[in-house]
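Engineer: What Swiss-Prot shows for this protein is this:
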DNA_BIND  139-238  DNA-binding region
BINDING   8, 9, 52  Mg(2+) binding site
DOMAIN    3-116  domain 'Response regulatory'
MOD_RES   52  4-aspartylphosphate
């Protein structure tokens, strides 16, 4: 049984979301503040976590920041309509998705299923136990110049330096690096990283690209392999 961690100080949300997820066969562990959640997430890692942003003792952003130091666990944020900046900041920090309150339980469940499904597809493709989703589904290993991506171990290195990526970041980068010099539209990158049932807008892909660039510049300040073609999309530079 897959476990979902739910972190929110609103007990009504904890109750309603837990009921919806448990009805789909998931085990739900709940927390009412970020500090206790961090301890529990590291001690008993779930398959996915859902965070509220505004919480006592440690807010969702700080919780994500600390979690990302040790884990690439998929994370969905619950946000309010007036928290657009927080949404963008969360994506830049490595959140996989966000849902704006008020939301339907069905929408949340579908987002959870989609993220867990793409993670399972990635593992199946790595182990050769299932069909690839499409032509851009990562293979076991990819080498492009100084870039090495190992799908089975979910590792990425640049110039022999490790770069920690979330599931979404890994899939986006792989889609770009798989065909250097070929422009990938935002729609194509959405298809590579998200289930077709999940709606994401352009700013989500843009935020993930910015996050990727930032992570690579942390190990190589001269990193410039991801190019932007304004109005068209992105591409990974061809190596000599």
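From the backbone N, Cα and C atoms, a Cβ is placed for every residue, glycine too.
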Engineer: Using an 8 Å cut-off from the Cβ centroid of 8, 9, 52, can you name the remaining same-chain residues around the Mg(2+) site, in sequence order?
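Structural biologist: For the Mg(2+) site the neighbour list reads 7, 10, 13, 14, 32, 51, 54, 55, 60, 78.
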Engineer: Can you tell me how many other Cβ atoms are located within 10 Å of the Cβ belonging to residue 9 (Mg(2+) binding site)?
Structural biologist: 15
Engineer: Using all protein chains shown, find which of the binding-site residues 8, 52 scores highest when you count other CB atoms within 10 A of its CB.
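Structural biologist: Going through 8, 52 one by one, the largest Cβ count within 10 Å is at 52.
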Engineer: Do you know the DSSP helix, strand and coil residue counts for the domain 'Response regulatory' (3-116)?
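Structural biologist: Computed counts for the domain 'Response regulatory' (3-116) are 54 helix, 24 strand, 36 coil.
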